[in-house]
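As recorded in Swiss-Prot:
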BINDING   CYS280, CYS283, CYS286, CYS340  [4Fe-4S] cluster 1 binding site
BINDING   CYS290, CYS330, CYS333, CYS336  [4Fe-4S] cluster 2 binding site
DOMAIN    271-301  domain '4Fe-4S ferredoxin-type 1'
DOMAIN    321-351  domain '4Fe-4S ferredoxin-type 2'
Amino acid sequence: MKYVLIQATDNGILRRAECGGAVTALFKYLLDKKLVDGVLALKRGEDVYDGIPTFITNSNELVETAGSLHCAPTNFGKLIAKYLADKKIAVPAKPCDAMAIRELAKLNQINLDNVYMIGLNCGGTISPITAMKMIELFYEVNPLDVVKEEIDKGKFIIELKNGEHKAVKIEELEEKGFGRRKNCQRCEIMIPRMADLACGNWGAEKGWTFVEICSERGRKLVEDAEKDGYIKIKQPSEKAIQVREKIESIMIKLAKKFQKKHLEEEYPSLEKWKKYWNRCIKCYGCRDNCPLCFCVECSLEKDYIEEKGKIPPNPLIFQGIRLSHISQSCINCGQCEDACPMDIPLAYIFHRMQLKIRDTLGYIPGVDNSLPPLFNIER
């Protein structure tokens, strides 16, 4: 049993959740059976552009986290390592979440035995500011009137307060400089097979979640949750499996196309990079937001490096140190770029460097248990 279709048996979950409610139902099972201390999930805040990481210990509150929030990109890796390392938890994990968690585990920051990862297939996320501008421009509505959004069949779909639905092809949005975040456009890992389960709507029947079982723990979770009546399962058709594989293949080809565009054809010149680095105000947002930056004592704050009062900082020192520390483990989550108030395209250089390491040494961060290259050198 590698692939299954799953549907929640709880009507409340079915009404609120996406495509069958499998993820929420499995979290409810884990909490009710006290297999975890809590679930770290994203809860909607003021609107669809505001996602709040929330640690839930009462299964009745899980339904508040059901549904998608594509316009509130975040990463759970650092939150787990910093605040929940001693807890047994479950987490909904996009590929970059799962990669960060697994990479941090290699660096002894997270104990994977304490983390159930329910993976979420991901075709990309949209920054909240971009989303609001995009909705106003292309959908011709007030962004604050949007009550729900989803990505389906290559379209970004919104639902308004009056129940009206509007959709635009993502390809059209991205041709105009909107749509998914640039790092998401380049990402070729859409199915989080490094998690215990990988869940999504690709190939799924209406009202069901298509689930790929990726670990023995994931298999046992599905079997036990079905036995105790939390979910219903059935086998997907061969055609459904093929549809899912085809969608993944198309998305990977598109990602490679964007990699070539961003990291080769449009990659900034040295002169352009100098202009970017001169914008830096040394706010440390890139470091603080990076899920793989975890040192208690940061090299960037050493007296002999910090150059107190100097803005912009020397890029060979400031960003050079970050590159040497992070590039081998960069998961292309884009959090550094999102945090930068000066719009420096940081993910370009980090992702480009990681791809060179991948192509040279064969190392892909966060997909398996192999150590990063600098930790795995033979004398």
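Glycine residues also receive a Cβ, built from the backbone N, Cα and C atoms like all the rest.
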Residue distribution over DSSP helix, strand and coil in the domain '4Fe-4S ferredoxin-type 1' (271-301):
15 helix, 0 strand, 16 coil
Where CYS290 ([4Fe-4S] cluster 2 binding site) and CYS340 ([4Fe-4S] cluster 1 binding site) are concerned, what is their Cα separation in Å, rounded?
11
Compare the C-alpha of CYS280 ([4Fe-4S] cluster 1 binding site) with the C-alpha of each of the binding-site residues CYS330, CYS333, CYS336, and give the closest one.
CYS336
Grab the same-chain neighbours of the domain '4Fe-4S ferredoxin-type 1' (271-301) for me: Cβ-Cβ under 8 Å, and only residues 6 or more beyond its ends, written as numbers and ranges.
75-78, 81-82, 100, 103-104, 107, 109, 311-313, 315, 318-319, 321-322, 325-326, 329-331, 333, 335-346, 349
Give me the Cα-Cα distance between CYS283 ([4Fe-4S] cluster 1 binding site) and CYS336 ([4Fe-4S] cluster 2 binding site), rounded to a whole Å.
12
Per DSSP, to which secondary structure element type does CYS340 ([4Fe-4S] cluster 1 binding site) belong, with helix, strand and coil as the options?
coil
Write out, in the order they occur in the sequence, the residues of the chain not among CYS280, CYS283, CYS286, CYS340 that have a C-beta within 8 Å of the mean position of the C-beta atoms of the recorded [4Fe-4S] cluster 1 site.
ILE281, LYS282, TYR284, GLY285, CYS336, ALA339, PRO341, MET342, ILE344, LEU346
In the predicted model, what is the mean pLDDT computed over the domain '4Fe-4S ferredoxin-type 1' (271-301)?
89
In whole Å, how far is CYS336 ([4Fe-4S] cluster 2 binding site) from CYS286 ([4Fe-4S] cluster 1 binding site) when you measure between their Cα atoms?
4
